[in-house]
Structures are given as structure tokens and as C-alpha cells.
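> Checked Swiss-Prot, it gives:
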- 25-45: transmembrane segment (TRANSMEM)
- 91-111: transmembrane segment (TRANSMEM)
- 126-146: transmembrane segment (TRANSMEM)
- 170-190: transmembrane segment (TRANSMEM)
- 205-225: transmembrane segment (TRANSMEM)
- 257-277: transmembrane segment (TRANSMEM)
- 290-310: transmembrane segment (TRANSMEM)
- 330-350: transmembrane segment (TRANSMEM)
Amino acid sequence: MTLFESINAGGTQILGVAWPTVWALVRILVVAVVILLCVAYLILWERKLIGWMHVRLGPNRVGPAGLLQPIADVLKLLLKEVIQPTQASRWVYLVAPVMVVVPAFAVWAVIPFQAGAVLGDINAGLLYAISISSVGVYGVILAGWASNSKYAFLGAMRAAAQMVSYEVSMGFALVVVMMTAGTMNLSDIVGSQMRGIFASHGVTFLSWNWLPLLPAFVVYFVSGIAETNRHPFDVVEGESEIVAGHMIDYSGMAFALFFLAEYINMIVISALASILFLGGWSAPFEFLSFIPGIVWLVLKVFLLLSVFIWVRATFPRYRYDQIMRLGWKVFLPVTVIWVVVVGFWIMSPLNIWN
């Protein structure tokens, strides 16, 4: 009996019919706290890594090696006043940051951390993740409109157009994964990558989807960078053009919620990419399978997050027209063609996903 099964059995004996509700709330709270800690230290890792790339030390003053810097940043934001513009629509202005951050948390309901460790193991998990992650754009649009600022509204319109453009390509990339796995359950998609000729010979990483579905993987990950408005696709909040975009009139914790949502979405994109294309919690080689699956998933997510940061430190920002051209004239045709190619591949005698 696993640790979770033991806790579940003991809780049922103590609380009876109330235990399932209590256990669900405990799991949600634990996941939320872990996500918040991950975001805090992801920001520190980003500042450290970019500092090293710039031949600097990065934050190193607060605590040993700067490890308490995230706590200092949170305290600073908590103590700042949320100043509301006089011409702003009060309630919409305050609700918009919440509408951005809630979907970012809600996606984690279906993301499995290892076999059996998921808040909600639903069959349409992939569809749920795509749908709920698309809702955040409404909060961005409302933030730009409610601020009653032309710069904020321009940033919000850019965000809406950019997110819609890249969601189409991202959706087709995920359709390819669904076709090969034959399911939308995220746990089953990971299981489908642990079978095949290479996996039977102990070389599991060659059975992962990244190899046969490489174009879809590249399109998904780059579209994920654009979806999160990260550099080099950060024209939504282009500092040299419209300052902070839709967040220009926000301060204090209201401003922090937008950044919280951005970094949570970075982790979501990396986690989904790891699950859909990099085998999730499976070890790259059979002889390493003694290491807990959650360790492998965390390592893969950390690697992809580091790529996010590396791209920010090395690439110049695209112009808005270049971003739209990349989404509609490059990524969309590539993913549509790849859907057709994989469809014929599955129907042919060379099908490797049987």
C-alpha cells in the first residue's frame, strides 16, 4: 500500500463520509502552495541564470546566496498600495487580475505528477487543459479596457490577437499527440510513450513523442512562449513601446497577480510539453527506473523552463507583424501538414504507435 492509499484509508476511518471532501481540499492546498513556491524560486533562477549569461552574479544579498530574495520581493509587493486610476472601471479593474490567475491554477487539476498522482484523472484532460488555459486572455482584455488608458488597451488588443493566433497552431500540435496516443487522458498519453521497439530494449527516451513528432513539439513549445507573452514575443508589454502594456496602471499585489499568472503558465507549458512529448515521469533508460517518476518530471520541467530563460537572454524582440506572420504563415501550415502526415503514417504499415 502506497503512502497516499494509507492516508486515504486512515482518513476514511476517522472522518467517514466527510473524508473525500477534506482529502480533496488538502490535495488542492498542497498543490497550490507548491506552485507558489516554484514560482518564487523560478523568478530567482531566472535572475540568476540571466546574470550568469551576462557575466554577473545575480541576486546574492538577501539570505545565503540570495535564497531569500523571493520572500523579500513578496513582502515588498504586499506592502505596496493598489492605486486605482480615477477614470477606471472599479470592479472590472480589480477582477481582471483574478481572471488571469485563476485559470493558471485551474489547469493543474488534470496534470499528473506521476502514475496515480493527479487531482482529477479525467478522460478529457488534454481538452480541459487547452480550454481552461485559453480563458486567461479575457482577464488581460478586461485589464486593458478597465484601466481607461490607450496604452493599456493597445497592449490588451495585442495580447488577444497574439494568443488567438498561436492557440490555433498549439491546438493542432496537440491534436497530433492525441492521434498517436488514441486518448486525451494525460496519464494514458505518458503510458503510450513507454511502449514500443526502443522501450522494449531499455532505451525509453527514443520512444517518447519528441522524436517522431519533432515539428509538433517545436511548434507547441515556441507557441507556448508566445502564449505566455515571454521574450521574444513580449510585444504585449514591450518596454520600449507601451511600457507594461495592459498592466501599466496596476501596482502592488494586483500587479503581482499578472506576473504570478505568467510564471505559472510557463510551468504549465513546460509540464504539458514534458508529459506530451518527453515521456512525463518515465526514465530515459530502463536501468534508471528506480528513481521516482516525479523526479524525472521535475527535471524535464526545469530543463524546459531554463530554455524559456535562455531564449529571453539571447533573442531580440520580434516586431508585431513578424509575430503574426510566424503564427499564421509558418506554424499553422506546418501543423496542418503534420496532422495529415501523421494521419497517413498511422494508417500505413509503418505505424510505430501500435
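Cβ atoms are placed via backbone N, Cα and C, with glycine included.
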> Take the transmembrane segment (91-111) and find every residue of the same chain, 6 or more past its ends, with a Cβ under 8 Å from one of its Cβ atoms.
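Result: 31-32, 35, 84-85, 118-122, 125, 128-129, 132-136, 138-140, 142-143, 145-147, 186, 249-250, 254-255, 257-258, 260-261, 264-265, 268, 271-272, 275.
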> What residues in the same chain, six or more past the boundaries of the transmembrane segment (170-190), come closer than 8 Å to it by Cβ-Cβ distance?
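That would be 110-112, 115-116, 118, 121-127, 129-130, 209, 212-213, 216-217, 219-220, 223-224, 227, 275-277, 279-282, 332, 335-336, 338-339, 342-343, 346, 353.
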